[in-house]
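The next block holds one structure in the form of structure tokens; read it before the comments.
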């Protein structure tokens, strides 16, 4: 079996060790000859990489491992780029969340004004990675799971139309895992689903087991009462996530025939979200206080002891979708996966050039979207508004346009008026002066 060379772009991410453990657990179906980390923050990456070096030496010494801040060294001779970058890191996420809340608007990583701000930082970073890949390994594929995926996907569609990049999100996968628990299946691979929408903005219309039995009635009944909180809920799930999974019952009530993506909470119940937010302590603070500290302390312990048992790093099980995607391309498996792709008529009554999240069959040539057909007015109306926001953000970045970004924030369903949008925008510009292009 062919062995592959992979570079993880965003090597200093706290998600990287879990992805390395997941890659090691999947060597039987996706064997590696080389693994490289790339990051523009060398000091941060070094801690993560040195810990991963210990793990790799123990579990797979035959895999050639290196880490670098040099794009040429990182992107030369690779088959896949696995990208999860966060431009501005968590301190800027904190600004994305807290600035809108100061104006009475929800503050969220990928939704509303915060997601727009993050998108304006991410576009340039992801395009830079695409360009490095095309320069140094023109036959490679980029598997991008950097957020905000919807805005990034629109930017790559428009500004790098021929790039071999696939944009994928783990949120539907996480929700499907909970659905499988609710109906008593071993895992989400025991289900066959139909889903459509945009990234962080979609609906399941059909869920069956592999024998073709309809699981929707049982799911509807359960979710109407408990949301996506499964019977044996993981005690380690943070309070903010538990609230999001529980709130799905109210989102689902709007269209009881479907199962919603949890992120719709932010668009359909923004008043609830603001009322239940603490403007002084947002999700970014939770992550910095817990995940960031825990992963880095575990890595330092592993480095000091020279053995992996010294630190508690968890395998990122549901990140196995990244391996599913890579193996589908490498071995032409025609795996069915939810990807963010140009609509091109898959949803009949929706914009052809909108980036939609729908089931695709994946092989050597990338994704082949499955037909969705017509969608109802409710979903179409919501999606049209949100697609317009995403397109305006890319317009703003490309044209360096203050007005386009003001329009984008005004059009967001989370924002009550153009005057509030302008006040938020002006604060975001001040906070992002080191990251955004200068707007005129």
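Yeah, the Cβs are placed from backbone N, Cα and C, and that goes for glycine too.
Lifted from Swiss-Prot, the feature list:
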BINDING   4-70  NAD(+) binding site
BINDING   93, 147, 283  substrate binding site
SITE      109  site 'Increases basicity of active site Tyr'
BINDING   169, 200  Mn(2+) binding site
ACT_SITE  170  active site, proton donor
ACT_SITE  263  active site, proton acceptor
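Location within the structure of each feature annotated in Swiss-Prot.
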residue	record	Cβ contacts under 8 Å, 6 or more apart
4	NAD(+) binding site	30, 31, 32, 33, 34, 79, 80, 326, 330
13	NAD(+) binding site	39, 48, 84, 85, 86
22	NAD(+) binding site	315, 316, 317, 319, 320, 322, 323
49	NAD(+) binding site	11, 12, 37, 67
58	NAD(+) binding site	307, 308
169	Mn(2+) binding site	145, 149, 199, 200, 338, 340, 357
170	active site, proton donor	145, 318, 319, 321
263	active site, proton acceptor	110, 111, 171, 200, 201
Fewest-neighbour residue among binding-site residues, criterion Cβ within 10 Å, set 93, 200, 283: 283
Residue 147 (substrate binding site) versus residue 40 (NAD(+) binding site) - Cα distance in angstrom: 17
Residue with minimal Cβ packing [other Cβ atoms within 10 Å] among the binding-site residues 40, 147: 40
Residues within 8 Å of the 93, 147, 283 Cβ centre (excluding the substrate site residues themselves): 86, 90, 96, 97, 108, 109, 110, 114, 118, 284, 287
Residue among recorded positions 31, 67, 109 with least C-beta crowding, 10 angstrom cut-off: 31
Greatest inter-residue Cα distance in Å for the substrate-binding set 93, 147, 283: 15
Whole-number Å value for how far residue 109 (site 'Increases basicity of active site Tyr') lies from residue 93 (substrate binding site) (Cα to Cα): 6
